[in-house]
Amino acid sequence: MSKKPVMLMILDGFGIAPKSEGNAVTLAKKPNLDKLFEKYPTSQLQASGLAVGLPEGQMGNSEVGHLNIGSGRIVYQELTRITKAIADGDFFENESLKLAMTNAKKTGSSLHLMGLLSDGGVHSHIEHLRGLLEFAKKEEVQNVYVHAFMDGRDVPPSSGQEFIEKTEKMMAEVGVGKIATVSGRYYAMDRDNRWERVELAYNALVLGKGETASSATQAIEKSYHDNKTDEFVLPTVVTENGNPTANIKNGDSVIFFNFRPDRAREITRAINDKEFAGFKRETLDLTFVTMTQYDKTLERVNVAYTPQTLSNTLGEYVSNKGLNQLRIAETEKYAHVTFFFNGGVEKENPGEDRKVIPSPKVATYDLKPEMSAYEVTDELLNRLDSDKYDMVILNFANPDMVGHTGVVEAAVKAIETVDECVGKIADKILEKNGCLFITADHGNAETMIDFSTGNPYTAHTTHEVPFVWVANDTEGKKLSNGKLADIAPTMLVQLGLEVPTEMTGENLIVNK
């Protein structure tokens, strides 16, 4: 018997904004999306700030977006959780953080604070570094070193100097800390098993080897001189009298202050895992603390803020009702439609199939804006013909990953590629008398020029995202505006299921 699948398609980084020369969404020729937006009920969803459990005015991101969509409720984000703990003072009583402080103090070893130096709020926040410096001062830790990972993606591409200055000022005010290394996130925060990049960051952090500079400021200046923006700063060791200021040694304490897991795992494994095989290196004996749980299977790490458990997420609930579901994406967004969508749970639910299509191996995605969208589409169409699935969750990575490059023409091509794929998928779902919801997790590709400077804008945005309901039975109905947390309840109603009490989102389908 033919199933009537209820499908959610997430166009990653596809926000709503007025037409402009920096809006790849409106510049793109997208006949399929235009037709669907015109013919079927559409509304707008909030995907940033308080509506997704982030601080007010904070841009959304993929992790947060998928958590909110998949759980059907506003999820209190780690950024907000940690910021609140610092403000309340609970932060300074955190047992795992205290463990790192005590070890460094008791043994006279060093305390290393490593993480993304930015106020982007996607992977980290510079105010959390301030909290750690204040904690170290309070605990009278003498040798405190900062290993700065430079951003340039969630903040402007060349804003690194400003964050270095901010950190230097912060350390002077608090009275503790020195910057020991500077590395672009391209190296220190890879998530695609490109161990040759990670190794360069590791060498700077642990061996004190790599590019050298007499100060963090000089490291950034040197990088800009070589036309490398923050993200691509080669791992650089800051020296004093020709020697490394500090490197991570046996017996030291390390606190990794990134709170988002996906780009923190590889360097953490490289430093800690005994069985690590990415490249040759010594295993150190450290007191290593991660701000949040990066991965349950990580060895020899302490977690400062353990995960909040979310029950009755969309995937779990549908599984408990005996329905089959498919999660499909390419590598770059696979964790988002699985781990994050399931509320931070790695294991799949019974009846949940997963398919990852490898992302292309290119240095930056403007070189191949199609990414693996066609392959994802072909795989999905084949699977829809199996009539196995009641629910399908798909993510197209293109608008976000190409949007991050700042190359408008490439982002336009990315969206045109996705539009072709949308057309084929919508036809197939309608043919099966199913229903397709199209949305995004946050904005990005709709704002690619910073008009105050004329420079490329590579970060996410606070714009609303579209919500479209494509089905054969939409006559006389419309969609209300809402937030990402309203998607799951809306889908459950289409699946003919009750909405569980844990889901505080609302069904957005209303009669006209």
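Using the three backbone atoms N, Cα and C, a Cβ is placed for every residue, glycine included.
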Identity of the Mn(2+) 2-site residue among SER62, SER386, SER480 (reference: ASP12, ASP441, HIS442, source: Swiss-Prot): SER62
One of ARG191, ARG269 listed by Swiss-Prot as binding substrate at the site of HIS123, ARG153, ASP154, ARG185, ARG260, PRO261, ASP262, ARG263, LYS333: ARG191
Other residues, Cβ within 8 Å of ASP12, SER62, ASP441, HIS442 Cβ centroid (Mn(2+) 2 site): ILE10, GLY13, ALA47, GLY60, ASN61, GLY65, HIS66, LYS333, HIS336, ASP400, ALA440, ASN444, HIS460
Euclidean distance between Cα atoms of ASP154 (substrate binding site) and HIS404 (Mn(2+) 1 binding site), Å: 9
Residue among recorded positions SER62, ARG263, ASP400, HIS460 with Cα closest to the Cα of ASP12 (Mn(2+) 2 binding site): ASP400
For substrate, whose listed binding residues are HIS123, ARG153, ASP154, ARG185, ARG191, ARG260, PRO261, ASP262, ARG263, LYS333, the greatest C-alpha pairwise distance in Å: 18
Separation of alpha carbons, SER62 (active site, phosphoserine intermediate) and ASP154 (substrate binding site) (Å): 12
